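Accompanying notes for the structure given below.
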Amino acid sequence: MNLWLLVCLVASLMGAWSTVHTQGVSEDCCLAYHHRARPRLLMRAQGYQRQEVSGSCNLPAVIFFFPKNKMLCVNPRVNWLPNVFKFLDNRNNTHSKQHLGSRRNLQDSHLGGQRSNTGMSRLAHSKSKSSRSTRSNKKKTSFLNMANPGP
């Protein structure tokens, strides 16, 4: 009888473990809006993504991505939000049109708009700046491609 009880206990713990383990894989989504967001702040974002209601995300939102993996959730019904979308789309399209088909558009966006017009290679340009260390070398580029993925 004790063996049967032990088997039932182990089986129930294994079932509970898989449930607890899969909860950690849930979606990253906005659960509340940031009500103090203003257009000037949002125009400094690296990109944005629209969040639709699905799964555990029960709130429609727009997620703005900033340096150092910071995010800000905004209500999509705010009346000035289309102006911010237009500004970010124009800024990101300008970078991608200048370096179409190359990986330099991600690197150049971290230079703060400084570009080499002399035709120097990226390596030569970085060697000329190696005497000073900038924070832009440490930024992550994972969110730069996320500008306007939605309709």
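Including glycine, each Cβ sits where the backbone N, Cα and C put it.
Features of the protein shown, as given by Swiss-Prot:
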SIGNAL    1-22  signal peptide
DISULFID  Cys29-Cys57  disulfide bond
DISULFID  Cys30-Cys73  disulfide bond
REGION    94-151  region 'Disordered'
COMPBIAS  124-141  compositional bias 'Basic residues'
### Query
Counting across all protein chains shown, how many other Cβ atoms sit within 10 Å of the Cβ of Cys73 (disulfide bond)?
18
### Query
What is the separation, in Å, between the Cα atoms of Cys57 (disulfide bond) and Cys73 (disulfide bond)?
12
### Query
When DSSP states are folded down to helix, strand and coil, where does Cys29 (disulfide bond) land?
coil
### Message
Distance check, please: Cα of Cys73 (disulfide bond) against Cα of Cys29 (disulfide bond), rounded to an integer number of angstrom.
### Response
9
#### Entry: Set of same-chain residues at least 6 away whose C-beta sits under 8 angstroms from Cys29 (disulfide bond)
Gln51, Ser56, Cys57, Leu59, Ala61
### Query
Given the disulfide-bonded residues Cys30, Cys57, which one is most crowded in terms of C-beta atoms within 10 angstroms?
Cys30
